Number of protein chains: 2
Amino acid sequence: MTKHVCTLKVDLAERSYPIYIGSNLLADSTIYRPHIHGQQILIVTNTTVAPLYLAAVKSALDGYQVETVILPDGEQYKTLSVWQTIIDSLLENRFDRRCTVIGLGGGVIGDMAGFAAACYQRGVYFIQIPTTLLAQVDSSVGGKTGVNHPLGKNMIGAFYQPQCVIADIDTLGTLEDRQLSAGLAEVIKYGLIGDPDFFQWLENNMEGLMGRDQSLLSYAIERSCNDKAAVVAADEREAGNRALLNLGHTFGHAIETGVGYGEWLHGEAVGTGICMAADLSRRLGWLNAECQQRIEQLIKRAGLPMHPPAALNSDRLLELMSVDKKVLASRIRLVLMNQLGFSVVTDDFDPEALKGTLNEYGRAAS
Amino acid sequence: MTKHVCTLKVDLAERSYPIYIGSNLLADSTIYRPHIHGQQILIVTNTTVAPLYLAAVKSALDGYQVETVILPDGEQYKTLSVWQTIIDSLLENRFDRRCTVIGLGGGVIGDMAGFAAACYQRGVYFIQIPTTLLAQVDSSVGGKTGVNHPLGKNMIGAFYQPQCVIADIDTLGTLEDRQLSAGLAEVIKYGLIGDPDFFQWLENNMEGLMGRDQSLLSYAIERSCNDKAAVVAADEREAGNRALLNLGHTFGHAIETGVGYGEWLHGEAVGTGICMAADLSRRLGWLNAECQQRIEQLIKRAGLPMHPPAALNSDRLLELMSVDKKVLASRIRLVLMNQLGFSVVTDDFDPEALKGTLNEYGRAAS
C-alpha cells in the first residue's frame, strides 16, 4: 500500500524533531525505530483509545519490552495523582533512563505522558501519537506538558520536546463530532493570529472538514502545525510572541475552570473564547463589526458553542481570568485581534471594554 | 564590614549562573537584587533553618512581596506530596510566572524548591541558598532537582539551573557535627574522581576542617564547586562523564533506601559507599591496598560511618542497587577507582568481585 507521509520539522536546535502526518502510520514499525534508543517502552493511553488503536501500536513495537498504562478518559483526570500512576508503572517495571514513553491519545494523554517523560529520572525519551484533531494541530508542536491544579489549568508542567510526533489521520475517523469541532477551534485560531489566507481557506472548506474529507483534514493539520512551529521556533519558552497561541485561551480557561474540568472540552472553551476576544477587539475599535461576524460565523459552522454556560456570571469569569498564567502581577494580559488574521498580546486596553464583553457573555451578576 | 566574596561562574551557555561564597552574605540585599525579576518571592525552608536564618534573608528582600513555606526537616519529607504544598502556596498566593522561588536550607530543601520552580507554570526563577556543607559543595552546582519515590531516590525530577547560588559559610557554624561530616564525604569524593592534589590537601587539613576553620572550609567549598562545575559544564544532562559524580552513590543510595529515608544522612551513606567502591576497586586489582587504606582513613577522620547498618545483608543491598538510576537494562554501572584520585564509570567488571564486596560489607545472607 502506498501512503502519503508529510514530514514537518520543528526547528529547535538540538531539540528539533519531525512530525509525520499521513494515513496508515500507527502500525508502521519503520517510523518508530529510528526514534527509540533503549529496549523499554511504556505506552500511556486511555480507556477510549486503547480498544481502538493500542493493538496496532503494539504490533509495530515487536521485539521491545512494551508495558501499558491505561488511564480514565477526560480532562478531569489530568491531575498530579493520576500522573503519578505513570511514574509508579515506570518504577515498578524497573525502566531505566534510556526508556521511551509513548503518549497515545488526545491532548490530556499527551500532556501527562510528556510530563512523566520529562520528570522520570529527570528526563527520558518521549514519542507522541495524537489521536484527536485538537492534539494533532496543537499538542504535537511546542513541547508543553503538564497537569492541572484545582486552582488553575496546566499550572504544573514542563517544556519538553518529543523525539517525534506521529499524526495518523485515520484516527480522526473514530472521533466524536464534538471532538472534531473542538479541534477545529484551534485550527481557526491559527488563521486568526497571523495567517489570513488560511482563515479564508477555512471559510471556503468548513463543510468539507466537518464531513471529514481526508485530504482537507490533512492539509488543515499540516498548515496548522507549520503555523505553530514558526511561532514556537521563534520563542520556545513563551518569553514573547508565543503567547499569541493563547488567543481565546484566557477566556477559555476561565470557562473550563468555572464549569469544572471535563464538562466542556478544551477546544469548545477556546471556540467561545475566540468569540469573546473578537467581541472585545470590536469594542476597542480594533476590529470592525463585519470581521467579528465572519469570525462568529466560522466558529458556528465548526459546531462550536458561542457563549459560556449560563451558570458563569461576569464577576466569576473575571475572577477566574485573574489566576490564569498570562496574568502578570494582577494585570490581565490578553491576545486580541487588530485586524482579521492578525493578533497581538497586550495588557494595554480599557478595562471597561473587558467588563462590557464579560457582561455581554456572562450572565449579569446578581 | 569588609567581606570576602568568591564568585564562581557555572558555565552552561544561556543557563550560566554565579555562585557567591563568603561570610555575612545572607542579609546583603545587593547580592539578591540583580537576580530577581518580578515582585513576588516565595522562600522555601524548614523548621530547623527558619528560626536561624529566615529573618536575615527576609531583611534583604524588603520591598518585595515575600511569602514563606516552612517544611518539616529531613530526607523522609522529600516526597511528591510535601512538594505539592510548595505548588499550592504559589497558587494560593497567585504568584505569576515572573516570581522567584528561594530554597533556604540543605540539599532536601534545594531539591524540592528547585523542582517546584522548574514545574510551576512550566518554570519560574530560582535562587538557592544552601546552608549545609553538603548542599554548598554538591547541590549548588549542576541543576539537579527532584523528589524521592518509595521505590527509589530522586526518581522524579528535572535538570533546572538557578539564577544564582548564595553559599554563606557563616551558616556552617550552626551545623550539627553529623551534618558537617556528611558534607565532607562529598568533598572527599571530588578528590577521588579527578583531583589527587585536593585529596592530599584534605589528608593534610582534615582536623582543621572538622574544627570548622573558616578559611579552610571556604577553600574546600570553592575547590569542590570548581571541580564539580568543570564536570557539569562538559556534560550537563549526564550523558557521559557527569556520572563520575556518583562515586559512592549507587552503594549509598542502596543503604539510604534500605534503612528508610531520613535514618542515614545522604553524605553518611556516600561515605560508606566510597569505602565500598574502594574495596571493589582493590578486589578488581585497579587500586592497591595502601591506597584503599588511605581512603578509608580519610573517611574515618571525617567522622563518617565505614559500614552499612547490620540490618542490610548482601542480597538486599544487591537488590536495592539494581533499581538505581545508573543501572542500564539490568547491568549495574558503577563508578570505580583506577588509581588514587582518578575514577571511571563502568559496567565492565567481574560480578564475583562485587559479590565479594557486598559479602564483606553486608551481613551475610541467612
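Cβ from N, Cα, C; glycine included.
Database features, via TrEMBL:
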type	residues	note
BINDING	B:73-78, B:107-111, B:131-132, B:K144, B:K153, B:171-174	NAD(+) binding site
BINDING	B:E186, B:H249, B:H266	Zn(2+) binding site
DOMAIN	B:69-181	domain '3-dehydroquinate synthase N-terminal'
DOMAIN	B:183-327	domain '3-dehydroquinate synthase C-terminal'
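Distribution of TrEMBL features across the structure.
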residue	record	DSSP (3 states)
B:D73	NAD(+) binding site	coil
B:G107	NAD(+) binding site	helix
B:T132	NAD(+) binding site	coil
B:T171	NAD(+) binding site	helix
B:E186	Zn(2+) binding site	helix
B:H249	Zn(2+) binding site	helix
B:H266	Zn(2+) binding site	helix
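Closest to B:G107 (NAD(+) binding site) by Cα-Cα distance, out of the binding-site residues B:E186, B:H249, B:H266, is B:H266. The Zn(2+) site, placed at the center of the C-beta atoms of B:E186, B:H249, B:H266, has further neighbours from the same chain whose C-beta lies within 8 angstroms: B:L134, B:D138, B:A185, B:K189, B:G248, B:G252, B:G267, B:A269, B:V270, B:G273. Summarising model confidence by region, the domain '3-dehydroquinate synthase N-terminal' (B:69-181) averages a pLDDT of 95.
Comparing B:T174 (NAD(+) binding site) with B:H266 (Zn(2+) binding site), their Cα atoms are 19 Å apart once rounded. Most other Cβ atoms within 10 A: among the binding-site residues B:D73, B:E186, that distinction falls to B:E186. In the structure as shown, the Cβ atom of B:G107 (NAD(+) binding site) sits within 10 Å of 25 other Cβ atoms.
Neighbour count (other Cβ atoms within 10 Å of the Cβ, all protein chains): 26 for B:H249 (Zn(2+) binding site). Candidate binding-site residues: B:D73, B:Q76, B:G110, B:T132, B:T171. Nearest to B:E186 (Zn(2+) binding site) by Cα distance: B:T132.
Ranking the binding-site residues B:T132, B:T174 by other CB atoms within 10 A of the CB puts B:T174 at the bottom. It is 14 Å from the Cα atom of B:D73 (NAD(+) binding site) to that of B:H266 (Zn(2+) binding site).
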